[in-house]
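Participant: This structure is in structure tokens; I'll ask about it shortly.
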Amino acid sequence: MQASNQPYYWTTPTQQHMDQNLYLGDVSQGSHFSDQTPELANNSSSSVSFSPNGSPISLQDSHSFQPDPYHSPDYTYSSHVSKVGFEENVDDLQLRLSEIQTILDTDQDFAESFDVSSWVETGLDNIHPVNDQYRIMKQIIAKGDLKEGLFACAKAVAENDTVTAEWLISMLRPLVSVSGDPAQRLGAYMLEGLVARMSSSGSFIYKALKCKEPTGGELFSYMLLLYEACPYFKFGYLSANGAIAEAIKNEDKIHIIDFQIAQGGQWVTLIQALAARPGGPPKLRITGIDDVRNSFARGGGLNIIGQRLAKLAESCKVPFEFHAVPVSGSDIQLHHFKVQPGETLAVNCPFVLHHVPDESVNPQNHRDRLLRLIKSLSPKVVTLVEQEANVNTAKFFHRFQEVFSYYLAMFESIDATLERDHKDRINVEQHCLAGEIVNILACEGVEREERHELHGKWRSRFKMAGFTPYPLSSYVNGTIKTLLESYCDKYRLEERDGALFLGWMNRDLVSSCAWN
């Protein structure tokens, strides 16, 4: 694609002039910044940078697999499981389970956390040696078939067969490792999810839970490393920005409502592009929405983001206003938006709506309520980026199977970039992915925040709210294809059903679409 054929609003100053090797640095040492946008840099825990492809690094702050999914304290287990009446401490257990974010620092910790011999020995007597199911499970373990062993264990948990589940956990423990191959690493976290789920069902609770919260700089470095290792987040932000840029290209008064403002980095290139508009830049107002608990990664409230973007806009001579809304998506009301007459409205929903509970959790159905509320604003475009996983209303066993399929592809894609002995790979997976896995498997009801749906379900929700599909830009597709050229050839990009899908081999992982 020839650059000269691209519209001005897509060929941003950053894309025109940025050195392909601009972002280089040891992410383990914290954040680094482009010298083209020094006004956005202030500390290692809250920053904006650019990828080698010229796309902004926008670090999301929600409890998801995006670059910054967890901001409540992360936990490591040194947990010996014992038989204690769950009824005696249900509130404490639910609190602990809801705070699970990461699993183990070393394989030794993992071995200790699953030392169930003390409570399995008597249970094994209840599994008759000539039982067909027992023989099949013994064969699975003997072959080292981790997938089938995990599925058998999950089935036992789903059927409340604690004796079989406990025995299988003890047998599967030697087959998993946080430093092994993708299936072994994923298996370690999924086993932890099963143990946590059993605890919440009333059989066992953890006697010890040691809190380990990384520093802001450490957490940022893990998020940034994941962002650079895989193209999923760049894909989401590029596709969303492309749709928004297309929708507002001829408008003079623009209002962007971002439901996950995070570090605000997604809007750097857009502000620069608006500054280059023929005839002068338009007026730009951004409403940044974010839960107050996400201030940890920023090192402060939303005012930090507003100040950074205002400085950038001033340097680009773009009239700018920032409006902070520090509330969760479930609590959003019409008055929060402060829409003004004459504004062209664009709404951005990146990796965030799956955290809003639907009718299966709350009779108020905030997920559909929020979509109807957005539609009532008559936006010119609404962008949606979500993980392509079916774990919202699925029964536990099918959810377990979906988690294995989805995250195995994710872990395999990480392996394609980060060597298995990479010093920070375990930290990346623990702090950015493991907590989500455990939450999906161990928690139910309002405690389960990770409630992903497939694009088909999102499409139905948007249509019921009165939206119609917004066509995708061919320039966006071309830009993303160029982005993927710098990654492993096992990634694939497909356009269907009015959406873009980014996948690993035969598994869709992220979908992006636009509506109006």
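First residue shown is number 1, and so on along the chain.
Each residue, glycine too, has its Cβ placed from N, Cα and C.
Heads up, TrEMBL stuff is auto-annotated, nobody curated it.
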Participant: Please find, within the list 254-258, 269-273, 414-418, the residue stretch that TrEMBL describes as motif 'VHIID'.
Facilitator: 254-258
Participant: Please list, for the region 'Leucine repeat II (LRII)' (304-336), how many residues fall into helix, strand and coil according to DSSP.
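Facilitator: Going by DSSP assignments, the region 'Leucine repeat II (LRII)' (304-336) contains 19 helix, 6 strand, 8 coil.
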Participant: Can you work out which residues elsewhere in the same chain, 6+ from the ends of the motif 'VHIID' (254-258), have a Cβ less than 8 Å from its Cβ atoms?
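Facilitator: Here the qualifying positions are 244, 248, 266-267, 274, 282-289, 337, 339-340, 343-348, 350, 374, 377, 379.
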Participant: Per DSSP, what is the residue tally for the region 'Leucine repeat I (LRI)' (144-204) in helix, strand and coil?
Facilitator: 47 helix, 1 strand, 13 coil
